[in-house]
Structure formats: C-alpha cells, structure tokens
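These come from TrEMBL:
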type     : residues               : note
TRANSMEM : 135-156                : transmembrane segment
TRANSMEM : 194-216                : transmembrane segment
BINDING  : His212, His364, His368 : Zn(2+) binding site
TRANSMEM : 228-250                : transmembrane segment
TRANSMEM : 256-279                : transmembrane segment
TRANSMEM : 291-310                : transmembrane segment
TRANSMEM : 322-344                : transmembrane segment
TRANSMEM : 365-386                : transmembrane segment
Amino acid sequence: MEKNKGSRRFDSDFSVDKNVSAIELSESKYGGGCSSHDFQESLRDSLKTPLIPTQERRESNEDFTNHQDCECLYNQKYNENPLSSKLPSKPFIGTYEEADEYLKDNPEIRTGYRIGYSDFCIIMRSLFICHNETVNIWTHLLGFLGFFCIIFYIAIGLEATTLPSSLLQLFKDDLLSNINEPDQRSHTVSKVPLGIHIICAMICFFLSSTFHLFNCHSENAQNVLSRFDYGGIAVMIAGSSTPIYIYLFWCPQVSIFGYTYTFSMVAGCSIAFGVSLIPKFDAPEYRFCRAILFMVVGLSSAIPAIHIIGFRDRRYIPAPPMSLLILGGAIYILGALIYSSRFPERFNKDKKRRCNFDYIGNSHNIWHCFVLAGAGVHFAASVIMFKTCLSHQCPA
C-alpha cells in the first residue's frame, strides 16, 4: 500500500517531465515519426537521466525572473542601459558631438572638449594637458601672476615722493636767494589708485582662468562661473580707469572732476556687472550683445577726454599719455570684434581636419591675448600718469 502511494506521488511529480523529455528525444532522434517500440526505448533512456521536480523548476524560474526585475530597476535608477553602448567612464578629450550641451558654446570648435571631468583633482591636472581651453586658461593665469608680481614693484621699487630738481641748487651758495618756497616742498602722490588698478586686473584674470578651468565640471558650475567671467571684464574697466581719472585731476582745484568721473565709471561698470549675472546673458545667441555691452562701457571711459581736449588748464591738469590710452582702447575693441565674429575658425572649410583652430588660434584665444595686451598698455599709461603727477607742480 505504501509502495503504491509512493509510486503514485512519484508519478504525479514527474509524469509531465518524463513525457515531455521522451517526446522531445524521440522527435530529435527519429525526425518526428517513430514506432511504438522506438518510443518505448526512448522513454526508457530518458528515465535514466535525473529530472528536476516541477516545483523546483517553477521556483528556479521565479528566481530568474526576480533577478531580471532587480537588474532592470538598477539600470533605471542609475540611467544605465546594458543593451546600448556607453561612453567611457574615465575622463577623456572628445569631439563636439560627444560633449555635453552646456559646453557647446562655439560649433566651429569641433574637438578638444573635456568630457567626464567632474572631479576637482582631475580638473586641476587638466591644467597640464592639451585641450581647447588650455590657451584660454594660461593666458589669463599668467596675467594674474604677472600683476601679482607688479604689486612688489609698486610697493618697493616705485617712489611716491620726489623733490623738485631745482632743490639741487641748494648746494650752491650763490643761488640760495633765488630758491622759492614752493620749490622747497616735497611732493607726494598716493599709490592707492595704482593698487586699485592691479587688484581689479587680478580679479578679472582670476575669474576668467577659473571659469575656463572648471567650466567642464557641471552645467551649474559652467553657468555660474561664466557670469562672473563676464562680470570680471566690468571690474577691469572700472579699475583701469580709476588711476587715470585720479592722477589726471590730482590738483586740489580740479580733484572734484576726478572723483566724479571715477564714481560715474564705477556705477556704469556695476550696472554691466549686474547685467552679466542675468542667467540668459551667457547664452551663445547673446555673444554679440555681450561684446557690444562691454565695448560701450569701455568707450564711456573716454568721456573725460572731451574735458581734457576742450577745457584743460595746463596749470592744473598734466598732459596724459593719450597715445597709450588710445592704443589700449583700440586693442580691447579689436579683440571684442574678433571674439564676436568667431574669426578665424568660422572660415575653416577643411572638413577632414576641423581641429585647425580648436586648440590654438581661435577667436577666444585671440580675445584673451588682446585683453592681456590691453591691460598691460593701460597699466603702463597709469604708471606714466603717476610719474607725471609727481613731476607736476599744482599752483597754490
């Protein structure tokens, strides 16, 4: 009785699997048609192989299904598609098509994009590799370091106090009676305006190099840093104008004009700085508008030239280095025009080698070099104005 029960239980567990295995074996072995004797032989052979119970097979299938569901959820969570090709996980230098949308400022720059650079240390190491931001970073980073070194020259090497050359006659007894009291006074000029010029230039170059170094970190970092990059231009314009205005109207009789012009320029540059912080202002379609804005702000710094040419009293206002001031302004304007026109990369028709201006020589590189040159020319004009102010004697 027990034997029959066990046999029935065994038959109920394995009957389906035995029949299926036997039929599959007979069909594969005899081409789908076989005699009763052949079928019995096939069934006997199939019973010799171990069979998985139906319940265990069902549980195994459920486990496999659950594993697939978990893998699908994992892929959805981490945005991974195992069936599609993925970009390399390591940072690499890629093309315009591979770059993120927020890095595509200039479609004429086809290669050299830093992709996957989201770690601070890796981005810092990109200072020393070749990509399409290398020139932009180093031109203004060197400008920052150069103006930093100038601080020591201004603080130590540049004298702020001078004596009139006629005081040398004090050593001659026969001319003592001819020395006037104003000529015996020392003349001191403040270095603070020069310091303002240096600090503003350093801020501009620091913000620019920081933006071009870290703009590959993320879209949020690119948006924020680009606004401060444009704002740094306004800071540079305000700082470079300050010493010219102050030293030009150094005499007490006309100093009110110097402070008025300085305050007006700082106010205008502050407005430009505020406009540059507007989120949409750094969009590629506003490239030309940005250039026009800063050209207008820069040209407004030349308004005091009307005062100098038309109403200058040589007793109170020394002659400014107009050639250097005009040259510096021309350099800035020419650089802005080149930047907005995307010259020369827009005329590159070589479809097989579109990287001719990707790494060096493109409009942004030229703009950075022109800004560096213009800053140097204007600072030289500021130093000349400082020395002119030292030698100029204001009337009593």
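Every residue number used here counts from 1 along the chain in the order it is shown.
Here the Cβ of each residue, glycine as well, is placed from N, Cα and C on the backbone.
Whatever TrEMBL says is automated annotation, not expert-curated.
The shown structure was predicted, so the numbers you read here are calculated from the model rather than taken from an experiment.
Sitting within 8 Å of the Cβ centre of His212, His364, His368, and not among those site residues for Zn(2+), are the Cβ atoms of Glu133, Val135, Asn136, Ile137, Thr139, His140, Ser208, Asn365, Trp367.
When Cβ distances are compared across the two stretches, the transmembrane segment (365-386) makes no contact with the transmembrane segment (256-279), since fewer than 3 pairs at least 6 residues apart fall below 8 angstroms. Packing around His364 (Zn(2+) binding site) is summarised by its Cβ count: 21 other Cβ atoms lie within 10 angstroms of its Cβ, all protein chains included. Taking Cβ-Cβ distances under 8 Å and a sequence gap of 6 or more within the same chain, the neighbours of His368 (Zn(2+) binding site) are Val135, Asn136, Thr139, His140, Ser208.
With a cut-off of 8 Å between Cβ atoms, the residues of this chain six or more beyond the transmembrane segment (256-279) that come close are 223, 227-228, 230-231, 233-235, 237-238, 241-242, 245-250, 290, 293-294, 297, 300-301, 303-304, 307.
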